[in-house]
């Protein structure tokens, strides 16, 4: 199968950014720079993954006539695969969230919420499923309605993120949810806007209207705005508050995807699946190294990345037989 190596290369870069983010890269050596990365540039990773999923989901939904929105076997297979992935990896990481000594509350409601929202990094999978399901429901609607819905959900999610981080909203907004991030970091307010962005890029072929040079300038502008936004957040919060959602990511993330997708470097290496394997497996080694070593953030990052890459390659080999790991 021919693949776009440039896009797969972007996926691997994004997966490495997620690893560095979870390890707290540079927090022990350069806290200021670390903040600009961990609560700035590295936050572009998951939104771009949503965009990629939305882009190719629309192809699977109706490859011949996207506006018709007719279901295809590829679309059903897509849903089936994501659900299987989620079930497998939640079971794989059950030892870290199910036993009573893991620090996760053991009441039935909290366990149900974890199952629905996902453990740690796995929140991305139910968010993808939910975003895809909503896209399916509005598949016959106009591109304008999709764009409006994407904008409204993005602004709502970002506003809630800022309200919590700047202490403008209290615990009452979390309701029955055990974690405030679940209020905005979910399928509706985080996954859906970027997923729909990918759908619209495919449906309207927006990338064909811009040259690679123009897209590159948008990427540079987006990077600058993300760094500026995260710097302002650092100054105003003293670096004590984290941010999952930044408004400037709405420019940077689509531009990054369009730039990679504009270079059709064909190849057959499964680099995209390597990125997925790296994303799913790396928390295992973070947990183990935290438990059995005293590595600080930057050495931890440098240790987790190569070990996770080796494990990811092994997962790809196993996946040839099991077909449900990545």
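One-based numbering along the chain as shown.
The backbone N, Cα and C atoms fix where each Cβ goes, and this holds for glycine too.
TrEMBL has this to say about the protein:
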DOMAIN    5-315  domain 'Acyltransferase 3'
TRANSMEM  12-30  transmembrane segment
TRANSMEM  36-58  transmembrane segment
TRANSMEM  78-98  transmembrane segment
TRANSMEM  118-138  transmembrane segment
TRANSMEM  145-164  transmembrane segment
TRANSMEM  184-202  transmembrane segment
TRANSMEM  214-234  transmembrane segment
TRANSMEM  246-264  transmembrane segment
TRANSMEM  271-290  transmembrane segment
TRANSMEM  296-316  transmembrane segment
Selection from 12-30, 145-164, 184-202, 214-234, the stretch that has most Cβ pairs under 8 A to the transmembrane segment (271-290): 12-30
Contact yes or no, the transmembrane segment (184-202) and the transmembrane segment (214-234), 3+ Cβ pairs under 8 Å, gap 6+: no
The transmembrane segment (118-138) touching the transmembrane segment (296-316) per 3+ Cβ pairs under 8 Å rule: no
Interface present between the transmembrane segment (145-164) and the transmembrane segment (214-234) (three or more C-beta pairs under 8 A): no
Overall pLDDT for the domain 'Acyltransferase 3' (5-315), taken as the rounded mean: 92
